[in-house]
Each structure stands twice: as structure tokens, then as C-alpha cells.
Amino acid sequence: LIFQKCAHLRLVCQAEQKPYYRSKLWWCGITLLGLGEVGNFTAYGFAPITLVAPLGCVSVIGSAFISVFFLKKTMRTADILGGTLTIAGIYLLVTFIPNVPQELTARQVQNYLVSWPFLMYSILEIIIFCILLYFYKRKAVKHIMVLLMMVALLASLTVIAVKAVSSMIALSVKGKMQLTYSIFYMMSVLMATSCAFQIKFLNQAMHLYEATAVVPINFVLFTTSAIISGVIFYREFQSAALLSVFMFLFGCLLSFLGVIIIARNKKEEHLQIPFIDCGHIPGQKLTGKIQPDSHNSCYGTLNKEDDSVKRQS
């Protein structure tokens, strides 16, 4: 993402404007972004949701520090403090990760899908989502919390489907074929659909509000919904000790605080559009002032020459 932003800033500063998709730096950013998403998708097949989702805060730390070198930003005290808290939270998350079996078969996914805890959770989630969608569509309520809560509710379904699809692909590669089950394709459709609508509402939030507000709120809501989904659907904390649960939640809290501190009071950067002098517009020749001096005594009135022409006409 930083490479893409750097490419846009460079293109604006060039005398000869060209489309961003012709920039090698922009395509480098797209390639790295794709590799990162592939790695994120693969991680769900080998680790619990309750670990993979909170580790998304690493991208926030990386963006804060890498932007110092590529975008020439100033390292703030808030960045160092937030990064320290986030790293401490990551350490607790990795240390007190729930010990659950990672081989997830298609039959296990089917059993989880019809379990009573998940059915109750799904009903509650659908009701909340319909209420939020009603206010969004009918009442035109586009508050940041309404938009990002809908994103979080959709994200909970996304992470469930992503882990199921990734785990079944991993088992199939190892020789235990899971791709012949219909549940694999059902989860694939759920993953694609929930991702599409999730991106729609997230783009709407990014359009209406600053990224410094959207990023921390979205991270907190997304991580919380992902953890709840992992606990309810995949029962990842079923046999965990109370101390492990407490330290894990404390690690999540430190990560949340770190992300909020890094994003807090960070100024939005706008692309500098070159100023166009109206006196140099092709085909136009301006001899007078466009805006008279406000300190002049004749400000807001016609000058004598224009006044005499008006009387003659």
C-alpha cells in the first residue's frame, strides 16, 4: 500500500501526467499486496482464527515505520509508544495461543455448521445486520459505526469461510482429498460474497471519513468479531485455562491500544494538485485583475473607465 501511495505521489509531481497503472512502482505494490493476502489466506489453514486475526496489527506497525523511509514522514513519539504496546500484545497472543487441532476436515465443518451455538449466533448476527441495513438504506444513516459494524458482521462470516476453505485445501494437498465435498464450494461462495459486500461498506466508510478514524475502529471491530467467530464456530477456547484466556484477551487489549495510539491525531495527506495560472490558459488573454485588492478604496465597484463605457451604452 505504501508503494502504491508513493507511486501516486511521484506521478502527480511529474510534468507529463500518465496513468498510475503504467508505473512499475504501483505494480510492485500490487504484487506485494497480493502476496500478503495469499499468506494471510494460507495462515488460516495452519493457525487458529483467534491468533491470525489480531496479528493484522503488524501491518499497522509496518506502515508507520516504513512510511518514514518511503514517504519521508516524521517518526512520532506516539508511533514508538503504540508500536511498543502492539509488540507486547503480539507476544502475549503468540504465547497464550489456544491449543486446538489444525486439521479441519469437510465433515467437521459440516458438524460445526449445524451446531446450536453457531445457529443461535447466526440468527442474532442476521437480526443485527438487518437492523443496521434498514437504518443505512431507509433512514440514510451513514455513521461510521453503522458502516463498520456491518463490515465486522460480514467479516465474521468471511473468516469462518476462509479458514474452512484454506484448511480443506491444505488437507487435499497433503493427500486427504476434501474438494469433492459440497461444503467446500458452499464455503467458497460464502467467502467470495461476504468479501464483496465487506469491501463495499468499507469503501463507503473510507469515502465519507478519514482513514485515521476508519483504520483503528475497523481493526478493533474486525478482530473482535473474528475472535467471537473462532470461539463459537471452531470452539478454539473450549479447553483453554482461565489464565490463558485472560492473558490472551490482555494481549488483544494492548494491540488495540497500540493501533489506536498510532492512528490517533495522524494528519491526512492530500495529493498536491499543481496550481494553474488563469493568465496562461490556452486561447485566453487576461489583461486585468481577476480579483481586485480588498484594501483598495474602489473594491467592489466599477472603475471609472468601465463606468464611462456603461453610461455611453
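Just so it is clear, glycine is given a Cβ too, placed from its N, Cα and C backbone atoms.
Whatever TrEMBL says is automated annotation, not expert-curated.
If you look up TrEMBL, you'll see 25-46 (among others) marked as transmembrane segment.
Through the fold, the transmembrane segment (52-71) approaches residues 1-3, 5-6, 9, 36, 40, 43-44, 79, 82-83, 86-87, 89-90, 93, 159, 215, 219, 222-223, 226-227, 230, 251-252, 255, 258-259, 262-263, 269 of its own chain, all at least 6 residues removed from its boundaries and within a Cβ separation under 8 Å. Look at TrEMBL and you will find 52-71 (among others) tagged as transmembrane segment.
Only residues 6 or more beyond the boundaries of the transmembrane segment (78-98), in the same chain, are considered here, and those with a CB under 8 A from a CB of the stretch are 47-48, 50-51, 54-55, 57-58, 60-61, 64-65, 236-237, 240, 244-245, 247-248, 250-262, 264-265. Under the heading transmembrane segment, TrEMBL lists 78-98 (among others).
The transmembrane segment annotation in TrEMBL covers 118-136 (among others).
If you look at the transmembrane segment (148-173), the same-chain residues 6 or more away from its ends with a CB under 8 A from one of its CBs are 41-46, 49, 52-53, 102-106, 109, 125, 128-129, 132-133, 136, 179, 181, 183-184, 187-188, 190-191, 194-195, 197-198, 201-202, 205, 214, 217-218, 221-222, 224-226, 228-230, 233-234. Look at TrEMBL and you will find 148-173 (among others) tagged as transmembrane segment.
Residues or ranges marked as transmembrane segment by TrEMBL: 179-199 (among others).
Here TrEMBL flags 211-234 (among others) as transmembrane segment.
If you look up TrEMBL, you'll see 240-263 (among others) marked as transmembrane segment.
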What residues elsewhere in the chain lie close to the transmembrane segment (118-136), defined as a C-beta under 8 angstroms and at least 6 residues from its ends?
112, 142, 146-147, 149-150, 153-154, 156-157, 228-229, 232-233
